[in-house]
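Residues annotated as active site, proton acceptor in TrEMBL: His291. Among the features that TrEMBL reports, acetyl-CoA binding site is placed at His300, Ile321. The domain 'Lipoyl-binding' feature in TrEMBL is assigned to 9-83. Annotation comment: TrEMBL describes Asp292 as site 'Increases basicity of active site His'.
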Amino acid sequence: MEGNIMHAVYEIKIPQLGVNDDFAMLVEWLVSDRAKVSKGDPICIIETTKVATELTAEESGFIFMKAMAGEQIRIRDTIGYISDSCDYEIPVSVQENNEKVADTTKNVFVAKKKITNKARALADSLGINISSVEKIGIIREKDIKAFIEKKKTNHKQRIAIYGAGRGGLTIKECVELMGGYEVGYFIDDNPNIGSEVEGIQCLSGDRLEEIKKNGVVGVASEIANSEFRLNLRGKLKNFGLKYINVVHPKAFIAPSVTLGEGVFIKAGAIIETNTIIGDCCIIDNGVMIAHDNIIEEGCHLAPGVSLGSNIEIRNQTIVGIGACISTKVKIGSKVIIGVGSSVTRDIPDNSVVEGVPGKIIGKRK
């Protein structure tokens, strides 16, 4: 910028940004015509074949635009003025001599990504490779911020699945449908499983510390033995790992439902208002749970089970395929209710129940 003391008018000129550049594109004015600016304020973005940069006001005053965004201007030519008066008028002779470059030169600006100084500083501070930012035209600070948010949204936390059998594969598919997680490892203590399952490394349960160091944040499990699932809860806590809830996207969970940790809810399950599901429960395909039920930890409700309302099922009980339990019935802990049974009265701990209506036929050892 060059000063004219008599008129207190300062020229805004295109600087020489590269040794071999004869022209620069005026990409965007960052202020409006006749806007008031302070010294140091960003006023426009210019772009050469090698770099894009923001020009800042070298004086305070009012902006008067000579060139328009999208024009290509010769190096050292004037693109505007800063005046101490808002009534300044650009001389007519200057307006008529405003030189523009033919459109045939515009293709030289297309090949490389261009970025403003602020955007580059932010990208550099965060270790972002500019080539990975998808943007046509100038990359600005807001584009870098949007890129960061998108990465956060798309980021998937790594988890492991304890149990590499058929149940484990069921959880794996469900995790993939849920989104938000990716399966980094299977964990299984059976040496016959092998070192990989469906292309995913399989490790033994004594390597939880190693798995955590490799970026795993939590573990999910569908191992049938409820005692094992409950013991795993404490083991994971000792290693600072979360017990992940896996809920199939085709299940319906009412907003007022309370879920513990380490719960697996499969496709087609319906869990209604104010129901409580304890830790380490498995709610299988097509299970229907009405409102205000309490299912304590370690229970397994098999496919097609139907529950009325206000039922209490205590810990580690198994309800077989297609069984029904009537409203307000209380089921004890470690009970086994047989396939297709219909339970209409309270059942004490450790009972084995079968039939329609359900009868106690034995005790669980």
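Cβ atoms here come from the backbone N, Cα and C positions, even for glycine.
Quick caveat, the model's predicted, so the values are computed rather than measured.
All chains included, 21 other C-beta atoms sit within 10 angstroms of the C-beta of His300 (acetyl-CoA binding site). Taken together, the residues in the domain 'Lipoyl-binding' (9-83) have a mean pLDDT of 87 on the 0 to 100 scale. Cβ contacts within 10 Å of Asp292 (site 'Increases basicity of active site His'), excluding its own Cβ and spanning all protein chains shown: 18.
Of all Cβ atoms in the protein chains displayed, 16 besides its own lie within 10 Å of the Cβ of Ile321 (acetyl-CoA binding site).
If you take the Cα of His291 (active site, proton acceptor) and the Cα of His300 (acetyl-CoA binding site), they are about 18 angstrom apart, rounded to a whole number.
Using DSSP to sort the residues of the domain 'Lipoyl-binding' (9-83) gives these counts of helix, strand and coil: 0 helix, 39 strand, 36 coil. There are 16 other Cβ atoms within 10 Å of the Cβ belonging to His291 (active site, proton acceptor).
Across the structure, His300 (acetyl-CoA binding site) and Asp292 (site 'Increases basicity of active site His') place their CA atoms 18 angstrom apart. With respect to their backbone Cα atoms, Ile321 (acetyl-CoA binding site) and Asp292 (site 'Increases basicity of active site His') stand 22 Å from each other.
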